[in-house]
Amino acid sequence: MSDKLFRLIAAYQQYDWGKIGSKSAVAQYSTLSDPTVKIDETKPYAELWMGTHLKAPSKNADSNELLNNIIAKNPEETLGNDIINKFHAKNELPFLFKVLSIEKVLSIQAHPDKALGKILHAQDPKNYPDANHKPEMAIAVTDFEGFCGFKPLGEIADELKRIPELRNVVGDETADQFIKNFKENVTVGSADDQANRKLLQSVFSKVMNAPEDQIVQNARALIQRAHDSPADFNKADLPDLLIRLNKQFPDDIGLFCGGLLLNHCRLNAGEGLFLRAKDPHAYISGDIIECMAASDNVVRAGFTPKFKDVKNLVEMLTYNYGTVDEQKMVAEKFPRSSGNGESLLYNPPIEEFAVLETTFKTSTGKRHFEGVDGPSVLIVTKGNGKISTGDVKLDASTGFVFFVAANTPVDLETTDSTFTSYRAFVEPN
């Protein structure tokens, strides 16, 4: 067995919002990778976790040994000294790699930064189980929709004028102050931008602190408006979106704090989105590759029966605002690969991870990758091929997951033009 390249068995999670049975990419990948997994066609399969997170760590497919333990036996070889020194751990990866299969909307949520993560964990370890931050990146495997960040302020002001139910929840005084005082085309970080963020915070706080009976009453009227008067809304697809979400979570506050205040985002397969710490977001439908810092800290706002920490949520958000396009990631070429096929790098502005997509749509054959200065995890999402390093060559089929040790060159090889893989990795710089 190679200690530089080996196959993993990843754990799956069955949350209520996941796609059901074999419709789920998570279920498909799980049973293709591990034939002992039998799909229950009545149960949801929501997430596939690839990494060392103790809640659901991956195992070596041959020995059944936990990846954490394999790394701990030889951290210098598996992680590399620079990664050990940077993240101060010898038995874990600094990122968590996932596949998500989404049937129903996930909770509207945000994640703390490192400073707040430490505070929340110390104050409430039950709801905040670690002290880390949790920036996330999503890449669509199938067509995807979600919420990402606050809408441009002009759109929110327009909604406060057009949608009486939103105005009722926010209140006339706060709504009028927002409409009158927000400024467009301001410089980020300027006094005008800071004033805009305060105005946005006041609107969001009013929504999040509204009495439940007020939310229920206005949610029902809002959905009636979506049915009867769709032209009242400033986006053509918004009435249908609200109706769909209301069927999943009737009369929920998420219709306001999500549907009316956050950007409705659509990604085509292969498009990526970076979700910064302290920015609100939610996934609505589709299959995605997700990578994040290794944390499970979530501050929730709506579309959930779980704990909502309204006070911390309202205080912690950055109140960034803008269009969806500002949050989409632009893939870069990856010069440390060569040969057939194509590799594109999704490289968010954080230190814990980047993700490399490799396809062979343009030409089949062999693609070579120089070793990267840290560990990586690779999943095949489509097609069949081989992955190799030195004299080790392994089958790489749909659903198969691999660990690649630091500074290990690898080759991907295929005659299948559909062969697609995603590789999460971390480097010291």
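In case you wondered, yes, glycine gets a Cβ from its N, Cα and C as well.
According to TrEMBL, the feature domain 'Phosphomannose isomerase type I catalytic' maps to 5-153. What TrEMBL lists as Zn(2+) binding site is Gln109, His111, Glu136, His281. According to TrEMBL, the feature domain 'Phosphomannose isomerase type I helical insertion' maps to 170-262. Under the heading active site, TrEMBL lists Arg300. Look at TrEMBL and you will find 343-391 tagged as domain 'Phosphomannose isomerase type I C-terminal'.
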Arithmetic mean of per-residue pLDDT over the domain 'Phosphomannose isomerase type I helical insertion' (170-262): 97
Minimum Cα separation from Arg300 (active site), reported as the residue among binding-site residues Gln109, His111, Glu136, His281 that achieves it: Gln109
Three-state composition of the domain 'Phosphomannose isomerase type I helical insertion' (170-262), taking helix and strand from DSSP: 67 helix, 1 strand, 25 coil
Sorted by sequence, non-Gln109, His111, Glu136, His281 residues with Cβ within 8 Å of centre, Zn(2+): Ala110, Lys134, Leu275, Asp279, Pro280, Val298
Nonlocal neighbours by CB distance (under 8 Å) for Glu136 (Zn(2+) binding site), same chain, sequence gap 6 or more: His111, Phe274, Leu275, His281, Glu290, Cys291, Met292
Neighbour count (Cβ, 10 Å) for His281 (Zn(2+) binding site): 24
Nonlocal neighbours by CB distance (under 8 Å) for Gln109 (Zn(2+) binding site), same chain, sequence gap 6 or more: Pro280, His281, Ala282, Val298, Val299, Arg300, Ala301, Thr304
